[in-house]
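Below is one structure; the comments refer to it alone.
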Amino acid sequence: MSRQHCVVIGAGAFGTALATVIAANGHEHVTLLGRDRSLMTDLATSRRHEEALPGIELHPDLQYSCDPEILEHANTVLFVMPSQAQASAADTYGPHLQAGAVVVTCAKGIDRETTGLLSHVLEKRLPGHPVAVLSGPGFAADIAKGLPTAMSVAAADLSIAESLARSISGPTFRLYASADPVGVQLGGALKNVLAIACGMVEGAGLGDSARAALIARGLAEMSRLAVALGGEADTVRGLSGLGDLVLTATSHQSRNLRFGIALGRGDAIDSSRGGLVEGAFAAAVASRLAESHGIDMPITQAVAAIIDGLLDIPTALEQLMSRPITTE
Ligand SMILES: NC(=O)C1=CN([C@@H]2O[C@H](COP(=O)(O)OP(=O)(O)OC[C@H]3O[C@@H](n4cnc5c(N)ncnc54)[C@H](OP(=O)(O)O)[C@@H]3O)[C@@H](O)[C@H]2O)C=CC1
Ligand SMILES: O=C(CO)COP(=O)(O)O
């Protein structure tokens, strides 16, 4: 039987990391589809993406393209561009997809325009294609280096998630299947907001105890929103929720944590530097969702207000610490 063809769209850090680790697993023929022709030519020649993954050699079996027509042969298509670009990418690449190809959103965020989950955005724009989500604790550089990593892949139809987990997993990259795409993707989106909060605590010198409190109470916020939107609290306690929250809230590899540290120190924020900060978008969208569902998410709402310049960190802290005493 001929090998399945997996196309990874988005030649940034995570797309390139996923493409190289899936190619290394050897189950699938893998192509990385980017939109910058000179970059793709350079990757094919050098087998390195120095800007996104410095010093890392990409797997020799990985193929490169900037031609969307290669999607016509793909059984599995990973969308690995920022959350706010997923809708337009679906419109661009959708017409080239093979009938029935499974599409997987790998971004961690919520669509700002519609406040919809990314799986719903893709389902709406790509009718006839089963949609799955891939999320969980894993930095692109760790994955691309072949360090041990475990993440979740979820689809409403568990058999689709299980089939993806089998075809994408390998010796260093392990996927767990889930039937809760809502819980899995909300974990990925909301942990970024909480990582910004933990960064602020670090930058403002508020101590490790405060960070632990934010992680635990932040997890409670994540669960409340996930359950309200049809996800499961158990999922939030797994890899894609707690696992990714702990990683992102404690590692300086995280762009969201570093952004929070800069805010906490009172540094001037230059949005053209420091890379993609998904939590800065998700904070406002999650706050709107919390409000419309009547859910209490004080940490998320404080982060959104601080980013919007409506609140300062000392006042946010005072507000969080003076909330009515309650049970856990
Ligand atoms: N980096 C990491 O460690 C991890 C990242 N993620 C998630 O993956 C997503 C992407 O992050 P990351 O790879 O780090 O980001 P990068 O900034 O490194 O790369 C983003 C890539 O998306 C491409 N892109 C942007 N818009 C489009 C579009 N409309 N169509 C096609 N390609 C597009 C960009 O291409 P161009 O250069 O041409 O603009 C770029 O190659 C985020 O949601 C992030 O949270 C998840 C786990 C780990
Ligand atoms: O999601 C990630 C690790 O799981 C990457 O986090 P940052 O986007 O904060 O760098």
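Note: Cβ is positioned from N, Cα and C throughout, glycine not excepted.
Because TrEMBL annotations are produced automatically, they should be read as predictions rather than curated entries.
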Additional site residue, LYS108, LYS124 [criterion: listed by TrEMBL with ARG255, ASN256 for substrate]: LYS108
Of PHE14, PHE79, residue recorded by TrEMBL at the NADPH site of ARG35, LYS108, ALA140, ARG255, LEU276, GLU278: PHE14
Greatest C-beta neighbour count within 10 angstroms, which of the binding-site residues ARG35, LYS108, LYS191, ARG255: LYS191
Conformational class of ASP244 (sn-glycerol 3-phosphate binding site) under the three-state DSSP mapping: helix
Spatially closest candidate among ARG35, LYS108, GLY136, ASN256, GLU278, the listed binding-site residues, to GLY10 (NAD(+) binding site) (Cα to Cα): ARG35
Candidates near ligand 2 among the binding-site residues GLY10, ALA11, ALA13, ASP244, ASN256, judged by a Cβ under 6 angstroms: ASP244, ASN256
Neighbourhood of ligand 1 - binding-site residues from GLY10, GLY136, LEU276 with Cβ under 6 Å: GLY10, LEU276
